[in-house]
Every structure is written in structure tokens, then in C-alpha cells.
Amino acid sequence: MSTPQLNSSIATSHIERTPNKHSPLDSTSMVRVIARVRPFLPPEISRATDADIDKSIPCVSVLDSPLQSASEVTVRLKDPHSCRNENYKLDSFYGQEDNNLIRIFEREVMPLIPAVLNGSNATVFAYGATGSGKTFTMQGSDELPGLMRMATSSILSICEKMGNTVEVSYYEIYMDRCYDLLEDTPKPKEITILDDKQGNPHLRNLSKIPIYSMSDFHDVFLRGIQRRKVAHTGLNDVSSRSHGVLVISVSRSCENGALIGKLNLIDLAGNEDNRRSGNEGVRLIESQKINQSLFALSNVIYALNNKNTRIPYRESKLTRILQDSLGGTNHALMVACLNPGEYEQSVHTVSLAARSRRVSNFLHSAQKHNNNNNNNNNNNTRGTEVDMEEKLRVWLESKGKTKNDIPFTTTPRSISSTKKHITFQSSGKPKPIATIEEQVEKGLKMTPTRKVLFPINSNIIDPITPKHDSVADETDTPLNKFKAMSCNLKITLAQEYVNFLNTADKGELLQLKGIGEKMAEYILELRDMSPLKSLNDLEKIGISSKQVGNMFGRTAKGLFD
């Protein structure tokens, strides 16, 4: 699970860049976002003998500019196969040198510890693609400790002098379920989330083990690591399939009771492109759950940094658990881990990190600038403006579904989708995927010696549907027939609307009523991870069911104007 470190002579020009005279606690963002580039691994260096391209040159670097703000750096990503390059602004940048973990701890993590000792919560998490060095960043190796070991050592050293009590918990979030990694049971025990009197999340029966030395910590930590879920994938031989969360709790007695602070150190599972990984079965379901929870986390960070009134903590189990540690007076650090030889992966990671870092002033000024441009160019573009409602109407007509063509009958496929849609709306909750996951997992564990089933004898009489006399009832009234046809039409329009959201580009999405710049970006990111299956999927990007209904209703109403 560790990532070997190499000599930093490969990319001496790509050293770390941290703004001078700047404390992580002074960041304008509630969640500070930095980048760490891991060194090239020995197999990658051995393959760097391409005659045309030097693959040992990292695709990530940092720009030095006299106009650079004192509180940010500009990270450049350059594709070695083309002239394409992109720039993003982050809070800090750490290059490929061997000691960059020590520098990250001293400059980014250490300033968070005093607040934890005074009863506040802090969170540090490593985010990135599979194989980008997240686990090494957090866990390290025997030769070079990671952020988890360095933070624990520092806290123990301070608490020994102050007389504070230190306790450790370690759990994982796998398939959106939480498991205790330190419970003395054959398999990790699932734990539930409850709210306390203040509304803060509480993990019921989560193990808390007191530690007094680094020897105690190593015994506890190694036991938890061995129980964490990992697997071989097409992109990584030992890929973490869960989010691992180490919690260091510090308590001290005071006049009003005990003052408790905690530091969450999180090794996030890597976001994966299933087109490249070739994941199937359980691995595919795992990957979908991982990507969804990472997207939910980015939504929370974005909302916090932009001081939104609604923070979507309940979008995933991970963000729900971290609700008492993200926001308020608490601080958080996001370490975007980058593979120096993977341009596309790095662009995805840095773009999401930069999006999470944005602050409200930047967004407001950009919106105002765009509005001015729209006003100046309004007369020039009015004649060429695309009428998206007309485009949607033409699309429906091409499918044989228009407002004049009400579907009196439906194909078996549309009947199936109709039933699923109605069931989803009536229950208010989607069918738990746990049952499906258990079936897949059970199927994978089956031995190949299963007996062959013999075909059923063909002389069995076919079942005949019992005949009953037709009795007219109130369901055959003209009003009920009209309501049934209206329901079918609504379901058909909703499905075509979802198909449109899955295929339209950003410009086309912006033309629909109710979709702005930010929402269009959210939709594009969401469907990249997993195509939308129903309008309810829009709730994953923070849109309430009422907003979804209003947005669809306005578009549908326009079709009949």
C-alpha cells in the first residue's frame, strides 16, 4: 500500500511552492486546498525510454508570476502528447522531492493541532485518482512516516506535557456503510450513525482506544490497516476500496466538564474512470459508490467555501459523519494527490480541487462580468439564439412522441420504466442497493462445481389465464382515462428530459429554463461519473425535489405554449 520514494533529481525544477508569510488558518477558504505530486516509480522510469516523448518529465508544474497573489499559486498541467495545457489556482503546491511530506506536515497540518487541543475539530484528507499516492501521503512507510503518524506523534508529545488524554478510532466507509476497524471481532463490525441532542452525528459503539506512546499507536493502527478493504484493479495492484478515517481525540478536564477536540485524518478511495479500469461486478459497484461519495464531498466543500446557506451534508455517509468537523469554526485541509505521468487524471483532480477552493467574491465578480458581456452581445446573438424548447420539441417528434401524439399504448419497455418510476415516487426512497450488492457478492463467491440444472420437461401443460366476466367499474370513466393518459405523457416527457440532460453540451443546458452556469457544470460532472437515470438523480448535486419539479414543469409547459 505504500508508494516508494525516489531521488528528486528527476524534476528539480518542479519544487514545492508555498506563498510566503502565509498561515493555513489565514486562508480565505474554509477548506484549504493544496497539491502534492508524487515521484515517478521505478517501473515508470524504466518505461521512460520513448524515442519521441520523455515520459520522466512530469505533466504538473507551478508557475512563478510577479502578479501572483500572496495567498495562492498557479498550477500548470501540460499534456506531453500535445500542446494542450491548463492552469488552476490553489492555495499551495508541493513537488516531487522526497521530503515533501515533512514540509506538508510542518506547514499545513501542524498549525491545525493547537485548535484541536483547545476543543475544535479539524480534518485532513487526501484526494486523487487511483495510484496517485494518497495512501502513502497519509500512512507513509517505515522509512518515511505519513501525515497520520507525524500528527499522532506530535499530539502525543504535546499531551504528555499537558496531561491530556489521547484516544484513537479507526473506521472505514465501504459501499456507503460504516465499519469499525478496531473492534475485536472476526470481521469489521458495522456501526450506525445517530444524532446527539445538538444534532451532531455520533457513531454508535465506535471503538475508542487510549494510547500513551507511539508503540501503542503502531499496534492499534496496524491492526486497522490489515482489516481495511483493498483489491486488485486494472489501474492499481493494491487499490483501497473504502475511505479510511483515523480519528485522534484529545480531551482534558475543565471547570464545566471535559473539553474534547478531534483530528480526522482521511485516506479517501481513489476516483476511477471505469472505462479505463475495466471494472465489473462488485468492483464496478464499489467504484460507483466511491465516485458518488467523492462528488458529494466536493459539493460540501464548494458550498462551505462559498458560504452557501444550505450545505448538502446528507448527500453521502462520509459527509454526514464529517458534519461536525466541516464548517463553523473548524478547519480542513484537502491534499490533491497527483501522478506526474497521468495528464488526464491530474486535470480531473486539480480542476475539482480548484472548483472546491473557489470563494464567493470570485464567483460574484465572474457572474457580473458574464452578465455585462451578455448585455453587450444581446443584440448580436438574438437572431442566432438556439431555442432549446423548440429543439426538445423536435427531438420528441423524432421519437414519435409529441403533444398531439398521446401514447394510448406503451411498449413493454416503457411499461417497465413506468412501473419503476411510479414505485420510486410513491415510496419516496430508492430501493436499497445493498440487496443487489449482496447478490453480486454472493454470485462471485459461488464455486464452479454447482450442479447443472436439467431442462424442464416440455410436456407440461402451459398455464392458462383464468377467465372472468368483464365488469364495468368506475375506472373506465372518461375522467380516469384522461388522467391515465396524462400520467403516461408526463412519464414519457420526464424520461426524454433525462435523456436530453445526459447528452446535451453545456451551451445547450444553459438554454433550458432553470439551469444556470453552476448547475450546468454540476450536471456535466455528475453524468461523467454515472448517467442520470431519473430526475431524482439531480438531488445528488444539491437540487431539491421541489426545484427539480419546477424546473421540469417550466420546460414541459413551454412545449404546449
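One is the number of the first residue shown, and numbering goes on along the chain from there.
Just so you know, glycine gets a Cβ as well, placed from its N, Cα and C.
Caution: TrEMBL annotation is automatic and unverified by curators.
So that you can see what the record holds, here are the features copied from TrEMBL:
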type     : residues                                       : note
BINDING  : G128, A129, T130, G131, S132, G133, K134, T135 : ATP binding site
COMPBIAS : 1-12                                           : compositional bias 'Polar residues'
COMPBIAS : 407-428                                        : compositional bias 'Polar residues'
DOMAIN   : 30-359                                         : domain 'Kinesin motor'
REGION   : 1-27                                           : region 'Disordered'
REGION   : 403-429                                        : region 'Disordered'
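Structural mapping of features recorded in TrEMBL.
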| residue | record | Cβ within 10 Å |
| --- | --- | --- |
| G128 | ATP binding site | 29 |
| A129 | ATP binding site | 23 |
| T130 | ATP binding site | 23 |
| G131 | ATP binding site | 23 |
| S132 | ATP binding site | 27 |
| G133 | ATP binding site | 25 |
| K134 | ATP binding site | 27 |
| T135 | ATP binding site | 27 |
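Averaged across the domain 'Kinesin motor' (30-359), pLDDT for the predicted model comes to 84. Under the three-state DSSP scheme, G128 (ATP binding site) falls in the strand class. G133 (ATP binding site) falls outside any helix or strand according to DSSP and counts as coil.
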